[in-house]
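Peer 1: Could you have a look at this structure, given as structure tokens, before my questions?
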Amino acid sequence: MTRIILIGYMGAGKTTIGKALAQELGVPFYDLDWYIETRMRRTIKQIFDEKGEEEFRRIEHNMLHEVAEFENVVVSCGGGTPCFYDNIDYMNSQAQVVYLKASPEVLYEHLQMGRRVRPLLLGKSPDEVRTFIVEQLALREPFYSKANYTLNVDLLDNFTKIQTTIENLRKILER
Ligand SMILES: Nc1ncnc2c1ncn2[C@@H]1O[C@H](COP(=O)(O)OP(=O)(O)OP(=O)(O)O)[C@@H](O)[C@H]1O
Ligand SMILES: O=C(O)C1=C[C@@H](O)[C@@H](O)[C@H](O)C1
Ligand SMILES: [Mg+2]
């Protein structure tokens, strides 16, 4: 049985790498943010706006328990998922959990790509976003580093190297 969960800060590449890894392993891919959006029929931003972060975290916790019980899957989490409730311990008990570790500089670069709305970064200037990443990453690192595997993705920072990331992941997971 293959059950792999990717965690890490916003922009680390959980969705990008997760999707590609699932395709290679021939198993379904679930992105927890997308799963929540489909189940709630609301975007993550709408949930934050309408219900607040605390309620979002409660929904996220419940939905994590749904997807982490599927068999033969790759799941990518939201950036904050491991940092609330007992989510990280629960994930470690259910799956091979991989922390995609990236420096604030690489995270910042990634967050400039794509057009995804990230409620926690809205309304911040580039400098404020940089400072926010450094400070929040320091607070979250103790949770992320509990993952039973860690892969540093700083050196794998371009599109062709996404394949190298997948190969490295398969090696450490022996999949
Ligand atoms: N190894 C990589 N090399 C180059 N670009 C990457 C790499 N990983 C991710 N990216 C790019 O960085 C951006 C953010 O990646 P992605 O959306 O997968 O991050 P995430 O961890 O899922 O973020 P979030 O927590 O906000 O959902 C994307 O545009 C993606 O193409
Ligand atoms: O880092 C976070 O706390 C978040 C990351 C996103 O994936 C979403 O789950 C949401 O925007 C919150
Ligand atoms: Mg994502």
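The backbone N, Cα and C atoms fix where each Cβ goes, and this holds for glycine too.
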Peer 1: Per TrEMBL, which of Arg115, Arg118, Arg130, Arg170 sits in the ATP site along with Gly11, Ala12, Gly13, Lys14, Thr15, Thr16?
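Peer 2: Only hit among Arg115, Arg118, Arg130, Arg170 in TrEMBL's ATP site, alongside Gly11, Ala12, Gly13, Lys14, Thr15, Thr16: Arg118.
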Peer 1: Arg3, Arg140: which one does TrEMBL list with Asp33, Arg57, Gly79 for the substrate site?
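Peer 2: Record source TrEMBL; matching candidate: Arg140.
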Peer 1: What is the nearest of the binding-site residues Gly11, Gly13, Lys14, Thr15, Arg118 to Arg57 (substrate binding site), using the Cα of each?
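Peer 2: That would be Arg118, the closest of Gly11, Gly13, Lys14, Thr15, Arg118 to Arg57 (substrate binding site).
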Peer 1: To the nearest whole angstrom, what is the C-alpha distance linking Gly79 (substrate binding site) and Gly11 (ATP binding site)?
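Peer 2: It is 8 Å, counting Cα to Cα.
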Peer 1: At the level of the C-alpha atoms, what whole-angstrom distance separates Asp33 (substrate binding site) and Thr15 (ATP binding site)?
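Peer 2: For Asp33 (substrate binding site) versus Thr15 (ATP binding site), the Cα atoms are 9 Å apart.
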Peer 1: Around Asp33 (substrate binding site), how many other C-beta atoms are within 10 angstroms of its C-beta?
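Peer 2: For Asp33 (substrate binding site), the count of other Cβ atoms within 10 Å is 21.
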